[in-house]
Amino acid sequence: MNGDEKGSTPGPITEPNTLTRVNTFPHAEFTIPPADTLQPCLSAQTHSAAPPVSEKWTGNPKSSTVTGDEEATPSTSHNDDEVTYPEGGLGAWSVVLGSFMGLVAALGMMNTVGIYHAYIAEHFLQDYPESTISWIFSMYVFLSFFCGLQIGPIFDAHGPRLLVLAGSILLCLSNLLLGLCTKYWQFFLVFGVLGGVGTSLIFTPAFAAVSHFFHQKRGNATGLAATGGSIGGVIFPLALQKLLPSVGFAWATRIIGFIDIFCCIIACLLIRSRLPPKPGQSIMPDFRIFSHKSYLLLTVGIFMMEWALFIPITYLTTFAQSTGAFTPAFSYQLTAIFNAGSCIGRWLPGILADKLGRFNSMIAMLAVCSASSLTFWLPASLLTPTTPSEAMAIKALSIVYAVIFGFASGSNISLTPVCVGQLCDTSVYGRYYATCYTIVSFSTLTGIPIAGSILQATGGSYWGVVVWTIICYIFSSACFVWSRALQVGWKLGIKF
């Protein structure tokens with residue numbers, strides 16, 4: 001296919017041109033015409049044990065309501081664009097397995113930041129204030145998402161293989177070098193910068209690749225892949241709990257690095273995109289897509305959600321230690337309990353999302369996050385263990401909170417990609433996802449330091465941090481509800 005211009009931009013297709021399908025395998029040469037002159041072609045077929053499913057994109061970004069108890073079609077900028085998805089088969093599920101293994105390493109490290117934070121602050125950076133230490137981990141989370149500015153569009157243009165390979169090298173190197181660090185700047189560069197970039201290079205392609213193979217089952221498939229992060233978040237804290245006292249920090253982090261090497265090798269072998277590389281596409285994101293009001297509100301909602309999400313992930317361990325109701329060993333196990341709940345929460349809501357709607361499921365889980373923080377974590381943060389009964393109450397509230405919030409917040413990771421995909425065409429999914437998280441990443445950069453500053457302002461009491469978490473989740477829920485309403489109206493019975 002040839003076009004008069006280079007690059008592609010999202011937006012309405014105004015010219016009803018018709019292009020002839022070409023055989024893109026194995027050596028066809030082509031360029032990608034600009035979207036405003038192109039009538040979308042059928043996606044390349046993928047041979048699979050399961051029959052392909054046809055998706056009909058008939059949504060109109062300007063349409064705001066759907067009547068009746070029916071399923072709403074995704075609102076995109078394409079008209080009459082029929083795309084086929086394998087929806088299963090060995091090839092498709094092998095990509096899910098590869099993404100799962102990659103996310104064990106990448107999101108497993110992200111879900112263990114609370115353990116690293118507690119240990120490094122206690123044994124290496126005792127003389128630094130909490131608001132300063134928190135920048136190490138906020139930089140890690142920030143780069144994990146911000147680097148999607150280029151990684152998502154590069155995925156669209158060239159596929160995932162080199163991205164995942166580069167990310168595997170950087171992430172494993174970060175873990176292997178972490179044991180040599182003793183000073184603030186060393187932790188900042190090795191964990192915050194090197195680990196953050198490596199995580200992003202795996203994290204973004206792992207989710208985007210799954211969307212090339214699934215549409216009707218996308219929530220389930222993405223949720224299964226995302227459980228890898230929770231599995232890593234269970235394995236790594238328990239491993240560190242045993243390894244740190246016995247072999248020390250240096251060898252404990254190296255052993256985690258060796259586990260990452262194994263996982264990343266499988267990820268490099270299995271993660272791939274379904275469509276051939278498209279070198280004619282621009283790799284720069286296009287912020288004009290924020291003119292889509294529903295997409296803009298979705299981005300704001302995700303921004304507020306990420307502000308809240310990484311506060312419990314980072315501070316749950318130190319909170320448990322500060323109460324005096326937990327032993328140091330059990331405070332590490334609390335993170336593993338949290339991630340065990342998150343493991344179920346990343347998969348089960350994905351199944352419900354395919355049946356009840358992706359936005360509907362996400363809104364419900366955000367409400368549970370708000371309610372559990374209000375009813376369990378806030379009372380635990382206000383109690384003092386002056387008596388055995390109060391200490392037991394703090395312990396019980398914290399454990400129940402870790403399970404329930406872990407379950408509900410699991411969808412914050414697994415359903416976010418499919419909610420973004422609900423508002424765009426698969427061919428530009430990487431661009432939409434990357435543009436969204438280019439903005440959202442700044443919430444991850446500032447969220448943990450804001451919580452650290454609140455913690456200092458309240459004299460080490462965690463009630464202020466908990467209240468901030470609740471406020472962010474409430475605003476996030478409101479933005480998701482509004483974004484959904486712009487697409488399908490305010491009726492609750494509509495699947496969207």
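Heads up, the Cβ atoms here are built off N, Cα and C, so glycines get one too.
Features as listed in TrEMBL:
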type     : residues : note
COMPBIAS : 60-77    : compositional bias 'Polar residues'
DOMAIN   : 94-496   : domain 'Major facilitator superfamily (MFS) profile'
REGION   : 36-83    : region 'Disordered'
TRANSMEM : 95-120   : transmembrane segment
TRANSMEM : 132-155  : transmembrane segment
TRANSMEM : 162-180  : transmembrane segment
TRANSMEM : 186-209  : transmembrane segment
TRANSMEM : 221-239  : transmembrane segment
TRANSMEM : 251-273  : transmembrane segment
TRANSMEM : 294-317  : transmembrane segment
TRANSMEM : 329-348  : transmembrane segment
TRANSMEM : 360-379  : transmembrane segment
TRANSMEM : 399-420  : transmembrane segment
TRANSMEM : 432-455  : transmembrane segment
TRANSMEM : 461-482  : transmembrane segment
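The transmembrane segment (294-317) makes no contact with the transmembrane segment (221-239): fewer than 3 of their CB pairs lie within 8 A, with pairs spaced 6 or more apart in sequence. Confidence annotation: the domain 'Major facilitator superfamily (MFS) profile' (94-496) carries a mean pLDDT of 87 in the model. A Cβ distance under 8 Å defines the sequence-distant neighbours of the transmembrane segment (329-348), meaning residues of its chain 6+ beyond its ends; these are 111-112, 114-115, 118, 220, 223-224, 226-227, 229-234, 237-238, 240-241, 312-313, 316-318, 320-321, 365, 398-399, 402-411, 413-414.
Take the transmembrane segment (399-420) and the stretches 95-120, 186-209, 221-239, 251-273, 432-455: counting Cβ pairs under 8 Å, 221-239 has the most. If you look at the transmembrane segment (461-482) against the transmembrane segment (360-379), you find at least three C-beta pairs under 8 angstroms, all six or more positions apart, and that counts as contact. Using a Cβ-Cβ cut-off under 8 Å and counting only residues 6 or more beyond its ends in the same chain, the transmembrane segment (221-239) has close neighbours at 92, 96, 99-112, 115, 206-207, 210-211, 213-214, 252, 255-256, 259, 263, 332-333, 335-336, 338-340, 342-343, 345-351, 353, 410-411, 413-415, 417-418. Within its own chain, the transmembrane segment (186-209) is flanked in space by residues 95, 98-99, 102-103, 105-107, 109-110, 116, 120, 124-125, 135-137, 139-148, 151-152, 155, 160, 163-164, 166-175, 177-178, 180, 222, 225-226, 264, 267, 271-273, 417, 429-430, 433-434, 437, which lie at least six positions past its ends and keep a Cβ under 8 Å from the stretch. Here the transmembrane segment (251-273) has long-range neighbours at 94-95, 97-99, 101-102, 104-105, 108-109, 155, 159-161, 164-165, 167-168, 171-172, 174-176, 178-179, 202, 205-206, 208-209, 212, 232, 235-236, 239-240, 243-244, meaning same-chain residues at least 6 beyond its ends whose C-beta is under 8 angstroms from one of its own.
Within the chain carrying the transmembrane segment (162-180), a Cβ under 8 angstroms from the stretch's Cβ atoms is held by residues 102, 105-106, 109, 151, 154-155, 186-187, 190-191, 194-195, 197-206, 249-254, 256-257, 260-261, 264-265, 267-268, 271, all 6 or more beyond its ends. Among the recorded stretches 95-120, 360-379, 432-455, the one sharing the largest number of Cβ pairs closer than 8 Å with the transmembrane segment (132-155) is 432-455. Sequence-remote contacts of a segment are chain residues at least 6 beyond its ends whose Cβ falls under 8 Å from one of its Cβ atoms, and for the transmembrane segment (360-379) they are 219, 305, 308, 312, 345, 349, 352-353, 393, 397-398, 400-401, 404-405, 407-409, 411-412, 415-416, 419, 463, 466-467, 469-470, 473-474, 476-477, 480-481, 484, 495-496.
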